[in-house]
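Engineer: Take a look at what TrEMBL says about it:
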ACT_SITE  H461  active site
COMPBIAS  21-34  compositional bias 'Basic and acidic residues'
REGION    1-45  region 'Disordered'
TRANSMEM  142-163  transmembrane segment
TRANSMEM  175-201  transmembrane segment
TRANSMEM  222-245  transmembrane segment
TRANSMEM  321-342  transmembrane segment
TRANSMEM  362-390  transmembrane segment
TRANSMEM  445-465  transmembrane segment
TRANSMEM  471-490  transmembrane segment
TRANSMEM  502-521  transmembrane segment
Amino acid sequence: MAGEDCVRKRQSGSTAPCKTPENEEAQRRPESDRSFQNSSNGRVDVDHMITRKMQLIAEAEQLKPAFMKEVDSHFTEFVNSLVAKSALLDSSSPASLFPASCSEKELHKAKNSRAPPEHGKIFTARRSLLDELFEVSHIRTIYHMFIALLIVFILSTLLVDFIDEGRLVLGFDLLVFVFGKFPVVFCTWLCMFSATVVIPYNLFVWWAQGYCSSSHRVIHSFFYGMLFTLFQIAGLGFGPTYVAVSYALPPASRFIVILEQVRLVMKAHSFIRENVPRVLSSVKDKSSTVPIPRISQYLYFLFAPTLIYRDNYPRNPTIRWGYVATKFAQVLGSLFYAYYIFVRLCIPQFHNISQETFNLRGLVLCIFNSILPGVLILFLVFFAFLHCWLNAFAEMLRFADRMFYKDWWNSTSYANYYRTWNVVVHDWLYYYAYRDFLWFFGKKFRAAAMLSVFTVSAAVHEYVLSICFGFFYPVLFCLFTCFGVVFNFTLNDRRKGPIWNVIMWTSLFLGQGVIICLYSQEWYARLYCPTENPTFLDYLKPRSWSCHTKM
């Protein structure tokens, strides 16, 4: 044994050191550790311990970026592989569609054939991104900074009103005005919703039940398709628009009616689009049963925060009513936030705009002065609607898939921004506009499909603003179809550096400034420069360009 050998060497007077495990371990230790243990007079060298600790912290800080970058790269590869595998599952390979005995000509024909896009969005239980980010104290501090800014707006308004009026003015005349005539809004929404519950569902049921036994299936389908199209155009299209215009609803009330109109049109289309192929497939397979969804499933879909119909969605086991109350409180707080932004930043700037001569210098100053309120309104719309409102309804319905948006703020291209800003609407456009276009015309027309989607989206956005503001001023349409298309092809997904994120945010800031400036100028121009007996062309011509001549 090593201990006995050491004793013998000592007895024989040998001066060679004993190679015990303890000595070998001591020899292998770094010089710094041995000096730490064997400090002067056996006392612990505190300075050395602190120095060593600081060295370890510095080494850890140097390793942290490389570690996070490595984890991020592996995670990105993992997610991309999952997406690729799910895409492969969506479309079967030609070899699985045909037996091994098929000829090469048939396989080639199968590869070139267009499979109908039956497989679409896959819903899974997941939280909203902001709910996860708010668990990080640094991100929560940014949220607190916005609350502090709201408090500053409130104090500014109260102090200015107290100085001007000699008393505290707590009226919210602007909110009362923009949300006026609420009984008309509620009755209109109730009629729209009831019609959407009854008419599309019954039309589909009657078509599905009669399609199997019909000897003229094309005529049968054409008849019910025309009835459904008539309901979409006249019932949901013309009716709410007529009410909003004829009753002269204020802007926010018009927004409620028109946005609900667009939402119900998209929901009804999704219900028919998802269920018609199932009936056709069952008839082709000569199935004894016709797959008709229950009315309860359709009713749940009309309230669910998604525009893609499914018979069943992933559901949470319980409802957190405290979470629901918090989200609705945040929506209410966002409304007051927008109120103070308009009162302190927008109305003082545009109140006397019609008295000034329209010139390039004034337009440039107006755009840059409108960037701050425009960006704040953009953040509020995102937070209040896409996060709070949709999450509140998802929680009440136990709807588990909360991916209503992605990290659009990290986008380095407009292509990625359009995909991540509003996932709910993007999914509808992707599956029912873009993919159906490619299914009908072939995959060679991807650019045409993309341009058609941009045009439809821009037209719907401009339609909403035109009805809600009461005038046609295609600023947003031009930004969408001109700059949006150009940026989509130039700032594409190949741009990955941080400089492209800066460019994206800069152009987004300028776009918000242009929108707030030009629409506000036109609003006040039509308010201060009304025309007697206006014709249809008067609603189309921008009045802000010539309003100053009538003052």
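Heads up, the Cβ atoms here are built off N, Cα and C, so glycines get one too.
Bear in mind that TrEMBL entries carry predicted annotations, made automatically and left uncurated.
Map these features onto the structure and tell me what's around them.
Structural biologist: Cβ contacts within 10 Å of H461 (active site), excluding its own Cβ and spanning all protein chains shown: 15.
Residues 134, 169, 333, 336-337, 340-341, 343-344, 379 of the same chain sit 6 or more residues outside the transmembrane segment (142-163) yet have a Cβ under 8 Å from a Cβ within it.
Long-range contacts of the transmembrane segment (175-201) within the same chain: residues 228, 231, 235-236, 239-240, 243-244, 247, 249-253, 256-257, 260-261, 264, 267-268, 271-272, 295, 298-299, 302, 335-336, 339, each at least 6 residues beyond the stretch ends and with a Cβ under 8 Å from a Cβ of the stretch.
Only residues 6 or more beyond the boundaries of the transmembrane segment (362-390), in the same chain, are considered here, and those with a CB under 8 A from a CB of the stretch are 128, 130, 146, 305, 327-328, 330-331, 334-335, 337-338, 341-342, 345-346, 349, 353, 356, 402, 404-405, 421-422, 424, 508-510, 512-517, 520-521.
Long-range contacts of the transmembrane segment (445-465) within the same chain, counting only residues at least 6 positions beyond its ends with a Cβ under 8 Å from a Cβ of the stretch, are 255, 258-259, 262, 429-430, 433-434, 437-438, 472-474, 476-477, 480-481, 484-485, 488, 519.
Beyond the ends of the transmembrane segment (502-521), by six or more residues, the same chain brings 346, 349-350, 353, 363, 366-371, 373-375, 377-378, 411-414, 417, 465, 469, 473, 475-476, 479, 483, 487, 491, 544 to within a C-beta distance below 8 angstroms of the stretch.
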